[in-house]
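According to Swiss-Prot, the features are:
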type: ACT_SITE; residues: His11; note: active site, tele-phosphohistidine intermediate
type: ACT_SITE; residues: Glu89; note: active site, proton donor/acceptor
type: BINDING; residues: 10-17, 23-24, Arg62, 89-92, Lys100, 116-117, 185-186; note: substrate binding site
type: SITE; residues: His184; note: site 'Transition state stabilizer'
Amino acid sequence: MKTNKLVLIRHGQSKWNKLNKFTGWHDIELSDNGINEALKAGSLLKKEKFFFDYAHTSMLKRAIHTLRYILDTLDQSWLPVQKSWRLNERHYGALEGLNKDEMISKYGEEQVNLWRRSFEIIPPQIRLNDKRFPGNDIRYSNIDNNELPLGESLELTAKRVIPYWNKFILPQIKKRNRVLIVAHGNSLRALIQFLNKIDNKKILELNIPTATPIILEFNEEYNSIKWYYL
């Protein structure tokens, strides 16, 4: 029986997660542990008899591959999958590719935590000629450079995630379709904050673990009434 539930999953551990680097829009592979995490997430969903009508993911392979492993485990590899840059991880600007502990040593733990977790604070931004600018990547060639980030706060991340939710995912939910989203820590934080009306200061405390299914339940007005880890 179809229910008003949405499943969110952050990708499995990536090779840069393992090295404690700011990853952002860098297209990094899953680690061996990340692959195992994705398979376990799929097995858990299968055990709980989850079945989906649609899936959404980002343009980054750590999320795409996590979704692939999950759907393989569910024997749902045929499922329609929509990929969008709007579900990409938050762009960490000039921090991308750098080690988090080294940045803490340089700037202090409080400042780095604000860059990582706060709602409105933007990390140091890159320039358009920086190789880390998404406009230099062929996969974003059909997107206006003015829309692509030089570095984002959670607030800026939410400004691209929420329109995608309203245009593509919410209409599917309203038709009582069962939807799976596999994305990233901050794009999912932005969505969870929006759907559950979490205070901007409280969102600082939310850290989403890798490859752990999150269930959101909606009422008949399609408002989120609760969320929890499976």
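Just so you know, glycine gets a Cβ as well, placed from its N, Cα and C.
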- Message: Here's one to test understanding: among the recorded positions Glu89, Arg90, Gly185, whose C-alpha is closest in space to the C-alpha of His11 (active site, tele-phosphohistidine intermediate)?
- Response: Gly185
- Judged by other C-beta atoms within 10 Å of its C-beta, the most isolated of the binding-site residues Arg90, Lys100 is Lys100
- Message: Restricting to the chain of Arg10 (substrate binding site) and a gap of 6 or more, list residues whose Cβ falls under 8 Å of its Cβ, or answer none.
- Response: Val182, Ala183, His184, Gly185, Leu188, Ile208, Pro209, Thr210, Ala211, Thr212
- Note on the structure: Rounded Cα distance, in Å, between Glu89 (active site, proton donor/acceptor) and Gly24 (substrate binding site) is 5
- Message: At a 10 Å cut-off from the C-beta of His184 (site 'Transition state stabilizer'), count the other C-beta atoms across all protein chains.
- Response: 27
- With H, G and I counted as helix, E and B as strand and the rest as coil, say where DSSP puts His11 (active site, tele-phosphohistidine intermediate). coil
- Task: Based on Cβ atoms within 10 Å, give me the single least packed residue among the binding-site residues Gly24, Gly185.
- Result: Gly185
